[in-house]
Amino acid sequence: MDQPFDLVVIWAGIIGFAVMMYVLMDGFDLGQGILYPFAPDDHSRDIMMNSVAPVWDGNETWLVLGGAGLLAAFPLVYSVFLPALYIGVFLMLAGLIFRGVAFEFRFKANTTKYLWDWAFAGGSFVAAFAQGAVVGAYVQGFETSNFVYVGGALDWLTPFTVITGLGLVAGYALLGSTWLIMKTEGELQQWAYKITPILLIAVLAVFGVVSLYTPFVDQGVLNRWFNGVSIIWLLPILALYCAFLVFRAVKKQQEGMPFVATMGLFLFTYLGLLASKWPYLVPPDYTLWDAASAYESQLFLLLGFLFVIPFVLGYIAWSYYIFRGKVKGGYH
Amino acid sequence: MELDPLILSRIQFAFVVCFHAIFPVFTIGLASFIAVLEALSFKTGNPIWQRLSKFWIQVFAVVFGMGVVSGIVMSFQFGTNWSNFSYATANFLGPVLSYEVVTAFFLEAAFLGVLLFGRDKVPQGVHLFAAIMVALGTFISSFWILAANSLMHTPDGLVLRDGLYYVASWRDSIFNPSFGYRFMHMALASFLTASFVVAGVTAWFIMQKRELEANKKALSISLWLILILAPAQVLVGDFHGLNTLKHQPMKVAAMEGNWETGTGVPLLLFALPDQENQQNLFEIKIPKLASFILTHDWDGEVPGLNEVAPDKQPPVFIVFWAFRVMVAMGMLMVLFGLAGLWLRRGGRYLENRTFLNGLRVMSLSPFIAVLSGWIVTETGRAPWLIYEQMTHAQGLTPSLTGGMALFTLIGYIAVYAMVFSAGVFYLMTVFRGGLETANAEHVDSDVEKAQRPISAANANLEGGL
């Protein structure tokens with residue numbers, strides 16, 4: 001490479017960051033939808049929805065950034081994943097549409113309010129499942145030839161991706177319940193304390209299945225983890241430590257810690273996944289460098305990002321600050 | 001029957017993009033209107049500005065929500081159905097769309113939350129700032145997306161190597177030859193859309209004698225805007241047409257229904273273009289007028305479709321008629337602007353029921369005009385995805401089958417039909433509730449009893465249907 005420095009790794013970091021931001025932030029609000037049918041009563045559902053109403057569309061913007069950012073920095077990912085996951089992407093989008101409009105419509109409906117409850121719950125579940133299946137499909141890899149996807153429409157749908165799909169549903173529900181612990185009080189908060197350990201156990205179960213299963217479907221992953229002890233073993237250990245922190249914090253009825261520790265659990269699991277697959281971005285054939293766009297395009301966008309992103313993070317933080325504290329009634 | 005993924009993908013893209021386009025074209029203009037209302041409220045302290053603003057923010061919320069969710073679909077369409085196109089153009093398209101996200105979408109999303117829910121949580125000046133940021137975000141967004149779209153019409157500043165485009169000049173590719181015209185045309189279209197919707201809804205309120213003081217002001221503002229913007233749009237549209245003539249002559253030939261290059265070409269008021277036989281049926285024409293409009297010379301030369309092979313021509317019938325619908329809407333808008341001016345003396349525009357009813361109907365006209373305008377420009381580019389460089393067929397996703405495309409096409413139609421009918425229904429509820437409901441005591445407050453302010457206030461409305 002004749003460029004002064006390698007932007008590909010920097011871009012891997014930026015996209016990785018955007019995806020993580022999306023998972024954490026839309027995770028807790030998709031989680032509200034997943035938990036919706038099980039909420040104690042209708043009043044609780046109002047509060048659950050209100051707790052995320054001011055921020056959900058900002059959260060989903062990270063998904064759009066992930067999509068557009070991939071097209072900019074790693075176009076091969078965009079042009080292989082989306083055709084390969086064609087049906088799954090449609091289901092995810094349909095889910096996001098229904099849950100997105102439910103925010104506006106539910107509060108304006110009377111007799112049809114229960115329909116929007118179901119749209120919110122069903123849409124959130126389907127979107128979360130589809131995203132989890134994408135993670136599974138990434139681990140499985142894609143059938144490509146000459147930089148083009150050549151597999152079938154439903155190749156991605158396997159028992160493994162169903163498990164990862166359900167795993168992410170449980171994970172988002174966990175983010176959602178710990179968010180509720182932080183943002184609510186009284187009966188709803190007590191309910192969230194009660195279900196959090198159950199959700200955590202479900203997440204850990206999937207975590208275990210995936211960890212055991214992945215090395216057997218992918219020789220590269222097996223070698224990475226079992227050819228001697230390396231620093232990456234710290235990642236699953238830290239993830240499990242975070243899970244322990246969630247348990248302990250719930251037991252002690254702490255309010256902020258469960259959410260923070262759940263974010264840690266997500267972060268270290270995600271880093272562990274990336275460590276398994278590095279440097280393959282479109283497995284099994286293409287690495288980060290194969291998938292990257294032109295140097296001048298990466299540079300052009302990077303310069304803008306360095307300038308704009310601090311502002312973006314600043315005013316997002318500010319908008320969260322405005323809506324800080326416990327959610328009582330509605331600001332709708 | 002063999003299902004053709006190409007045709008199905010084109011129908012799907014046309015469908016999802018048309019469905020999406022109607023929301024931003026309204027919200028871009030409405031965001032500015034709200035920002036102006038908030039500014040007037042801040043400056044004068046007159047409570048009617050805030051009454052108006054609270055109502056239109058409610059409308060904005062519903063429409064913006066539908067715009068956001070249908071927009072997320074758009075950002076994935078390029079990859080799912082047009083992966084070859086995306087991959088080939090990623091060096092340009094990727095950065096441009098990413099800039100749209102970081103400079104516009106986040107701005108809109110973060111400040112929209114404050115605009116909708118933060119009135120009691122931040123000082124009034126900050127709330128006004130949020131309104132301005134949302135309006136600014138909508139414009140920045142249209143800047144980037146129209147840069148991307150314009151490049152497909154008038155590619156510039158790119159070099160093609162081994163099937164991939166590389167950006168030679170960011171300035172030339174972003175500010176490509178048709179970008180400025182398209183941006184102006186679209187910006188004016190957005191302002192006109194908001195003006196006509198505000199005018200139509202307000203006319204209805206005035207006929208019902210509701211909140212007259214505030215609604216009279218809103219109608220007056222929107223009619224002044226229409227009077228200025230509608231003729232300005234005709235002018236900008238003319239410049240945009242001349243730009244198209246220079247860069248995409250076959251699109252103009254299809255708009256004019258002109259099969260053979262010639263001088264002194266007539267303007268067709270009516271015709272049924274027959275592409276198979278390369279001629280028009282039942283022409284009604286004004287001699288030499290097309291030449292005059294396009295070249296400003298009665299005997300100027302106008303290109304004809306015979307300059308390219310029939311399989312390189314756009315579908316003439318669609319382009320020809322969509323263009324006429326757009327122009328007819330534009331003319332009606334100009335007429336309503338002038339009528340508003342004429343009726344202003346003695347305040348007759350507030351009394352004349354024919355005029356007020358006309359405004360109600362006209363609130364649909366900008367949407368019809370915008371959609372037909374986009375159909376003209378997009379269909380007129382066919383068979384090219386990137387003008388004279390890449391065809392639709394070359395841009396399609398190779399692994400896509402007809403069955404997959406049909407499945408999602410039906411899926412999107414079903415999903416959007418449900419969402420759209422619900423959206424229109426709730427929008428009507430907001431309209432019926434009017435300024436009174438939007439300003440009811442408990443709206444925007446954060447107290448326990450107000451969990452469902454809108455539904456509580458509208459209980460009788462939905463029940464009364």
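Cβ from N, Cα, C; glycine included.
Residues or ranges marked as transmembrane segment in TrEMBL: A:7-25, A:80-102, A:114-139, A:159-181, A:193-213, A:225-247, A:259-280, A:300-323.
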The transmembrane segment (A:225-247) touching the transmembrane segment (A:7-25) per 3+ Cβ pairs under 8 Å rule: no
Segment-segment contact (the transmembrane segment (A:259-280); the transmembrane segment (A:114-139)) at 3 or more Cβ pairs under 8 Å: yes
Surrounding residues of the transmembrane segment (A:300-323) on its own chain - C-beta under 8 Å, 6+ positions past either end: 7, 10-11, 14, 54-55, 58, 72-73
